[in-house]
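Here's the structure we're looking at; comments come further down.
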Amino acid sequence: MDAWRGMPRWGLLLLLWGSCTFGLPTETTTFKRISLKRMPSIRESLKERGVDMARLGPERMALVNITSSVILTNYMDTQYYGEIGIGTPPQTFKVVFDTGSSNVWVPSSKCSRLYTACVYHKLFDASDSSSYKHNGTELTLRYSTGTVSGFLSQDVITVGGITVTQTFGEVTEMPALPFMLAEFDGVVGMGFSEQAIGKVTPLFDNIISQGLLKEDVFSFYYNRDSENSQSLGGQIVLGGSDPQHYEGNFHYINLIRTGLWQIPMKGVSVGSSTLLCEDGCLALVDTGASYISGSTSSIEKLMEALGAKKRLFDYVVKCNEGPTLPDISFHLGGKEYTLTSADYVFQESYSSKKLCTLAIHAMDIPPPTGPTWALGATFIRKFYTEFDRGNNRIGFALAR
């Protein structure tokens, strides 16, 4: 989803399949499984094409020192996408499901071909939908990697076999970088109404209002072994969680406040020593982000402890040193959630140098949301995550 409407943190991205369903709640409509697909991130696509990100310039690819008071999302590293249908008959779009933002948007057929990103993506054509209703209110969404703008429209959206009437953004202006290389078309915000631009009711709120779910929760599973493009990248469950993908019971942490998927954190340990956040800090849980991020000062201290070297936008170690790096533990709700080096180090197979990138970034988020850590797919792959709207809390269980 930055930032943090997450890090567009993102991700992170899901594949939603299903037919339209209406009616009163039943056993078949209270629990919806949604398959996820994994893709190369925009950053990976750039590197695979031999693009030197340093040459793009910090003004084009800035990922740090965000001055906005809202959470911004950086979709450079988003890896998971899903599908939704918009209109009648449904027009299908690949989207990021992002707990760091609250609006739904897709590219519009009214987007000028002068915007290269629109040429490479599926466009929503209102004239092809019999259920479309005009709104026209202007919409602008700022992300750390650029601004998208357009206007609001209303139509039916089908997600996970559930169909709701939804106000969403038709984007008519979107920057070539990073969106030209993105495999996803748009974004579905899974955040709260307090974050929604234009006072739009978020999609999940509309689903809740239909009374079709057993519980007012949704959960995320990201497959740690999904490098094969044909394998299941992960899963979202609307209305519950899937015991096939986690072990034991959930451990819940209450949100800092209603309106943001942010929880208190009591420390970050490297090995057996608590190195950071000794006096307490905050952590966003961001499905739109692929990496874990913290403030620049915190990440610099962490990287020094790991012996990692900084590149323009990331940190690297020699690959043969990766297995020897210490565990990193996050202290949440009285428990320690530990990542081994195998969880936060990955090798760039397309790099000629034997360097491995750490799935940890620096990100400075200003008040009132920040300073804050953000726990993205690096964390969620290890810990199955349940977002409980009914009780304003987040639950974690060991993924399997």
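Each Cβ is built from the backbone N, Cα and C atoms, and glycine gets one as well.
Note that the coordinates shown come from a computational prediction; the quantities given were computed from them, not determined experimentally.
Among CYS277, CYS319, the cysteine that Swiss-Prot records as disulfide-bonded to CYS281 is CYS277. Relative to CYS356 (disulfide bond), the recorded positions ASP98, CYS111, ASN135, CYS277, CYS281, ASP286 all have Cα atoms farther than 10 Å away. In this view, ASP98 (active site) is surrounded by 33 other Cβ atoms within 10 Å of its Cβ, with every protein chain counted. In the three-state DSSP classification, CYS319 (disulfide bond) falls within a helix.
The disulfide-bonded residues examined here are CYS277, CYS281, CYS319; by Cβ neighbour count within 10 Å, the least packed of them is CYS319.
A Cα-Cα distance of 17 Å separates ASN135 (N-linked glycosylation site) from CYS111 (disulfide bond).
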